[in-house]
Ligand SMILES: Nc1ncnc2c1ncn2[C@@H]1O[C@H](COP(=O)(O)OP(=O)(O)OP(=O)(O)O)[C@@H](O)[C@H]1O
């Protein structure tokens, strides 16, 4: 089924292709075809960049590497060796795909590089390639390469028409790919990686695989567009294709239009390329970089979410501004020509959209609480199969022995309170169980499977879920989609559309269903804690690890959270809860495990453990929460 956006994309492509084919009949000056071709090139490049950097949040400064490798593949093979242009395009795709996978493997597997380190690595790649091309005479050697115009069947018209149609086709393929990815499981995974990568991994998203896929698609699209760019510019030099302004341009375009939506880079590319063209036509090329820099600075401050979100919030205001300004200037014929009027209209529409539009309001509604009368009655549980087995588990951080020889068995059906003074190793144990960190020594099994060295997303698929001491929702997603993501990547995956109604049922069990459309930023701490729990339960775990889920709550909120934890436990999920409030654990837990300085101090029925003199000495003497 083609969605509305997909149908719009197809119509736009057909209309623009018709403009190219019928440009003679329409009396369109060739200048317009060249400008449209240039816009298409930048749409393809900005979209290629956005599929990796916008969708996953890994900012790359290496886009020029794909442009360069793509352009040189075509320039060298067709220019020097007479290879047919259409054979050089798939070769450029393969080379850039391999380059992207190589950079991805180094960044994501060997170094786990993020943030500025990833950006620096990607910045280094075009530098190295440019230097290599410059010194290698069989590639460039400082000479440059003339690119012959490929011979195309007559139906494509003049060389300018065929170049435009080629560039349009590549831009359409790039945008269609970005559209398809955004509406797929891969798009959801990349958005989760952008918002909170380690949370996504622990919740079942195979982050490495999705990042590599985004790298590959980005590289292939960038390379193919670079290949077509070679015939657009006709003469390829190191300076023209490995230019450092290329990443600057694609970043400004994607940030201007909006990085989280497939249409963002398209909007940005259209605005920036036409604006630059107008500046050039008035002899103001020198102002190009100043204006680009100013736009970027203003956007980061005023509309970091980009124009698309603002235009969507006020579509008619923006459309009205475009029609009134462009139409008014055209009707009065007071200044410039068609392009000037259009650019003036687009600028006014953009500014109005930024000033008037805003992100969807987040709800600040009060927390719903679970009625006390609905509280499930605790029933004694029969001991079940062994779910968690820790054998002599140790975790050292340099000289700090966070955990030392911890041996622990947790059968199905228990609700274990994990307690201990600050720094005793509780969070470290939760991190080891969820795979966020690996033990220095020892073995951990979940439901009989050795998970000691397993990737966190695979541990999630075996049946482990966790919450965080400081809630870590996916901020760009609604409350509903936060929970739906857990279902999509949980033990019984569903598509996003099928996961959403199920997510609402999970939200209802924690009394957050009235906030399904809100964004996490609009939730208070208690609501965020409840969202963490709903999200973890939605992944359908066998074991749920709750890391200080009651911290920072007032007494009424604690009562509500305790009811939620009981309800989750009653649904058959084994729970390990890290908590300092012993009074609460005494009522809630079926068993208490006490850690002290990384070792297991006591383990047993809550009342017996709380009366243990060693526990009183080590823990209760320092805490006043009982
Ligand atoms: N990534 C890390 N690097 C170095 N030391 C660490 C790291 N994580 C934990 N530690 C150390 O390991 C010890 C146990 O920390 P952990 O956070 O597991 O304790 P905790 O019982 O959860 O404490 P709290 O109740 O304060 O959350 C502490 O001494 C801590 O400083």
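For all residues, glycine too, the Cβ spot is worked out from N, Cα and C.
The average pLDDT for the domain 'ABC transporter' (388-622) in the predicted structure is 91. As annotated by TrEMBL, domain 'ABC transporter' applies to 388-622.
Among the features that TrEMBL reports, transmembrane segment is placed at 33-52 (among others). Within the chain, the transmembrane segment (33-52) has long-range Cβ neighbours (under 8 A, six or more residues past its boundaries) at 16, 19-20, 23, 58, 60, 63, 66-67, 160-161, 163-164, 167-168, 170-171, 173-175, 177-178, 181, 214-215, 217-219, 221-222, 224-225, 228-229, 232, 246-247, 249-251, 253-254, 257, 259, 262, 264-266, 268-270, 272-274, 277, 339.
Annotated transmembrane segment per TrEMBL: 89-110 (among others), in sequence order.
Among the features that TrEMBL reports, transmembrane segment is placed at 117-135 (among others). Taking Cβ pairs closer than 8 Å, the transmembrane segment (117-135) reaches residues 58-62, 64-65, 68-69, 72, 99, 103, 106-107, 111, 141-142, 238, 242, 244, 247 in its own chain, all 6 or more past its ends.
According to TrEMBL, the feature transmembrane segment maps to 162-181 (among others). Long-range Cβ contacts of the transmembrane segment (162-181) within its own chain (Cβ-Cβ under 8 Å, at least 6 residues beyond either end) map to 5-6, 9, 13, 16-17, 20-21, 33-34, 36-41, 43-44, 47-48, 50-51, 55, 149-150, 152, 156, 187, 190, 214, 217, 221, 224-225, 228, 231-232, 262, 265-266.
As annotated by TrEMBL, transmembrane segment applies to 213-235 (among others). Long-range neighbours of the transmembrane segment (213-235) within the same chain, counting only residues 6 or more positions beyond its ends whose Cβ lies under 8 Å from a Cβ of the stretch, are 37-38, 41, 44-45, 47-49, 51-53, 55-56, 58, 60, 63, 65-75, 78, 85, 88-89, 92-93, 95-97, 99-101, 103-104, 144-147, 149-150, 163, 166-167, 170-171, 173-174, 177, 181, 186, 190, 241.
The annotation transmembrane segment is assigned in TrEMBL to 286-304 (among others). Here the transmembrane segment (286-304) has Cβ contacts under 8 Å with residues 245, 248-249, 251-252, 255-256, 272, 275-276, 279-280, 310, 354 of the same chain, all six or more residues outside its ends.
The list of residues near the transmembrane segment (316-335) in space but at least 6 beyond its ends in sequence, with Cβ under 8 angstroms from a Cβ of it, reads 310, 341-342, 344-346, 348-350, 352-353, 356-357. Summarising the annotation, TrEMBL assigns transmembrane segment to 316-335 (among others).
Look at TrEMBL and you will find 341-358 (among others) tagged as transmembrane segment. Cβ atoms under 8 Å from those of the transmembrane segment (341-358) belong to residues 270-271, 274-275, 278, 302-303, 307, 309-314, 317-319, 321-327, 329-330 of the same chain, restricted to positions at least 6 beyond its ends.
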